[in-house]
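Student: My questions all concern the structure below.
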């Protein structure tokens with residue numbers, strides 16, 4: 001076996017291993033997204049800007065794209081086809097650039113995004129008395145997090161005629177007057193931050209694997225091109 005062929009085989013199996021890890025990572029992200037969607041399904045009538053639902057959707061999309069890309073990389077490595085490898089490289093490069101862009105946008109504009117999300121939730125509260133699904137979602141949120149309103153319990157005063165929903169208080173009360181002090185948006189956001197650390201660490205590991213997969217796919221493409229020229 002020539003040195004060029006041995007080098008190609010080495011890169012091929014390394015790329016296959018990294019893409020297999022990449023694909024498994026995508027399965028993990030997709031699984032976490034599904035779990036988060038089911039556990040927060042009682043909030044389904046709230047706007048998608050609600051923190052936990054936004055995270056679930058992002059994880060589902062990221063996991064699905066990662067799984068497809070990882071499979072494409074594994075197939076390209078096994079088949080040693082330049083077309084598949086270049087397609088994999090371009091898709092993965094776009095994925096990495098998108099992830100970096102989203103991270104920067106979230107970091108730079110997180111205050112603006114929080115304000116927009118809170119405004120959407122407050123606007124949606126106006127349908128609390130007429131939309132049964134929205135009413136159930138808000139009641140579930142407030143009971144689960146023991147919170148009241150979006151940014152303050154006074155958010156409800158214009159919606160329910162100067163009073164508070166029963167879900168703002170502990171059970172067994174004829175009328176909810178005081179209500180929980182803590183706002184729901186901040187409590188839901190904090191809950192997400194408390195549970196997202198392991199996902200972020202996992203995401204960083206996947207990011208490292210993505211960079212390595214990009215490098216190996218480009219190396220393998222060059223090795224195949226060199227081998228084809230040598231055979232010619």
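The backbone N, Cα and C atoms fix where each Cβ goes, and this holds for glycine too.
Quick paste from TrEMBL:
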- 148-168: disulfide bond (DISULFID)
- 12-38: transmembrane segment (TRANSMEM)
- 58-78: transmembrane segment (TRANSMEM)
- 85-109: transmembrane segment (TRANSMEM)
- 196-221: transmembrane segment (TRANSMEM)
Student: Select the range from 12-38, 58-78, 196-221 that forms the most Cβ-Cβ pairs under 8 Å with the transmembrane segment (85-109).
Tutor: 196-221
Student: For a quick check of packing: other C-beta atoms within 10 Å of the C-beta of residue 148 (disulfide bond), how many?
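Tutor: So the number of other Cβ atoms within 10 Å of residue 148 (disulfide bond) is 26.
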Student: So if I exclude everything within five residues of the ends of the transmembrane segment (196-221), which remaining residues of that chain have a CB under 8 angstroms from its CBs? That is, six or more out.
Tutor: 8, 11-12, 14-15, 18-19, 21-22, 25-26, 28-29, 32, 55, 59, 66, 73, 76-77, 80, 82, 85-86, 88-89, 92-93, 95-96, 99
Student: Which chain-mates of residue 168 (disulfide bond) that are at least 6 residues away have a CB under 8 A from its CB, listed by sequence?
Tutor: 142, 148, 149, 153, 156, 176, 179, 180
Student: Do any residues of this chain, six or more beyond the ends of the transmembrane segment (12-38), have a C-beta under 8 angstroms from a C-beta of it, and if so which?
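Tutor: Residues 52-53, 55-71, 73-74, 77-78, 80, 199, 202-203, 205-206, 209-210, 212-213, 216-217, 219-220 contact the transmembrane segment (12-38) from elsewhere in the chain.
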